[in-house]
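Here TrEMBL flags GLU5, ASP25, ILE27, ASP28 as Mg(2+) binding site.
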Amino acid sequence: SFIGEESVAAGEGSILTDNPTWIIDPIDGTTNFVHRFPFVAVSIGFVVNKKMEFGIVYSCIEDKMYTARKGKGAFCNGQKLQVSGQEDITKSLIVTELGSNRDPETIKIILSNMERLLSIPIHG
């Protein structure tokens with residue numbers, strides 16, 4: 001099976017089943033792309049029994065290929081990635097994306113979450 005982000009965004013229905021399924025977003029970061037902001041990728045995932053098996057993200061502008069496989073780790077251009085081990089949230093940099101849903105209730109939830117994050121003394 002195939003699920004395409006662009007077709008779902010256009011209103012086509014999509015149901016994730018237990019069948020092996022490719023999930024593809026050919027322009028991940030469509031808003032960035034439209035505004036010529038250079039953070040755009042091609043994202044591909046493969047799901048079996050509704051569980052992610054592996055994923056690939058190709059950052060076009062940076063020419064970086066990110067890959068990950070369940071239980072096997074994550075890589076960038078073949079080099080293994082790992083988390084920093086930093087456990088003190090006050091030494092962190094938090095990045096967020098607000099999404100495109102402008103429903104008043106959704107906005108209220110997002111802003112409430114942001115308020116909680118911003119009350120933590122983080123780097124930025």
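In case you wondered, yes, glycine gets a Cβ from its N, Cα and C as well.
Shown on the structure are the features that TrEMBL records.
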{"residue": "GLU5", "record": "Mg(2+) binding site", "CB count, 10 Å": "16"}
{"residue": "ASP25", "record": "Mg(2+) binding site", "CB count, 10 Å": "19"}
{"residue": "ILE27", "record": "Mg(2+) binding site", "CB count, 10 Å": "16"}
{"residue": "ASP28", "record": "Mg(2+) binding site", "CB count, 10 Å": "19"}
